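Undergrad: Right, I'll just put the structure down here and ask away after.
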């Protein structure tokens with residue numbers, strides 16, 4: 001039964017992602033990754049009837065591994081939900097940027113690991129100096145070590161095994177003895193070649209690349225920590241914006257509510273078509289009655305804000321373009337864009353003088369000063 005419950009939950013997540021696409025920046029990509037791994041796991045489970053029954057345990061094992069990766073990423077996604085907190089918000093942003101530095105480091109490390117692994121495969125090639133009798137007999141040198149000589153018969157070290165040893169050598173889990181096959185197919189002096197190449201690899205990978213990774217992460221941490229407040233507020237604003245854009249019904253309840261709201265909307269449309277259109281409907285005034293609670297609250301807030309504003313000398317054309325569940329959007333016409341017409345500057349000047357403790361006659365007004373200046377200018381021009 002829990003597999004069916006998991007399938008329903010994944011279906012709800014898929015519907016939520018299709019109807020309300022999430023933000024992919026930062027740690028937002030984890031949500032779609034969890035969904036993809038879950039879909040792949042369900043697809044593997046569905047292919048069970050097409051596979052022989054003897055392979056079902058392997059099929060179920062692979063399905064469980066995909067679900068395990070999805071669960072691991074779900075735990076990491078908790079950091080994205082904690083971005084609203086002032087303590088964990090900067091950390092979530094820092095971790096997201098450090099993952100980018102780690103990805104660049106792994107690309108460079110993979111190049112060196114692949115090259116050195118091929119080198120160790122070549123170092124494990126068996127060889128032996130031949131005697132003059134063996135040369136005259138025309139005996140192949142590899143016949144000493146292989147019973148069935150052929151293509152790649154001299155390869156003693158598997159490249160994948162060499163990759164594994166070199167990767168764990170970064171964490172100190174590998175020594176030169178692990179990279180050399182214990183056979184009598186090579187002289188004793190070749191161990192020094194193994195140690196020399198392994199030492200160069202450790203210098204490049206540990207001393208150079210690891211310290212480069214530490215320097216990159218330190219620079220990223222200091223850069224984000226210096227502006228952590230701005231970064232956190234920006235992430236918080238994006239989180240609030242996504243909350244307003246998405247629906248409030250969580251998964252898997254959205255499987256029911258989405259279809260229910262769709263059916264209700266269809267019923268309302270059918271009822272509206274049957275009714276005779278009135279004058280109010282013709283004028284389009286019924287749109288206010290169909291507003292959501294969020295839009296009504298937004299319109300009330302706009303009304304309060306407009307009451308507290310200072311009235312301009314010339315009215316600025318203000319119209320409500322769209323009121324929807326996504327919020328209120330305003331557009332201003334460009335009919336009055338001069339700074340003199342934006343607000344009642346005389347009323348603002350009176351309020352400023354009142355706040356500064358000056359009376360109406362406490363200072364020289366701007367109009368009287370400008371009039372005196374203009375009068376003096378005209379008298380000067382007349383005298384000339």
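Each residue, glycine too, has its Cβ placed from N, Cα and C.
Quick paste of what TrEMBL says about this protein:
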- 366-384: compositional bias 'Polar residues' (COMPBIAS)
- 26-228: domain 'Ion transport' (DOMAIN)
- 361-384: region 'Disordered' (REGION)
- 1-16: signal peptide (SIGNAL)
- 29-46: transmembrane segment (TRANSMEM)
- 66-88: transmembrane segment (TRANSMEM)
- 103-123: transmembrane segment (TRANSMEM)
- 191-214: transmembrane segment (TRANSMEM)
- 251-267: transmembrane segment (TRANSMEM)
Undergrad: Could you pull out which residues elsewhere in the chain have a CB under 8 Å from any CB of the transmembrane segment (66-88), counting only those six or more residues past its ends?
TA: 6, 26-28, 30-31, 33-34, 37-38, 40-41, 44, 95, 232, 235-236, 239
Undergrad: Mean pLDDT over the domain 'Ion transport' (26-228): what is the value?
TA: 82
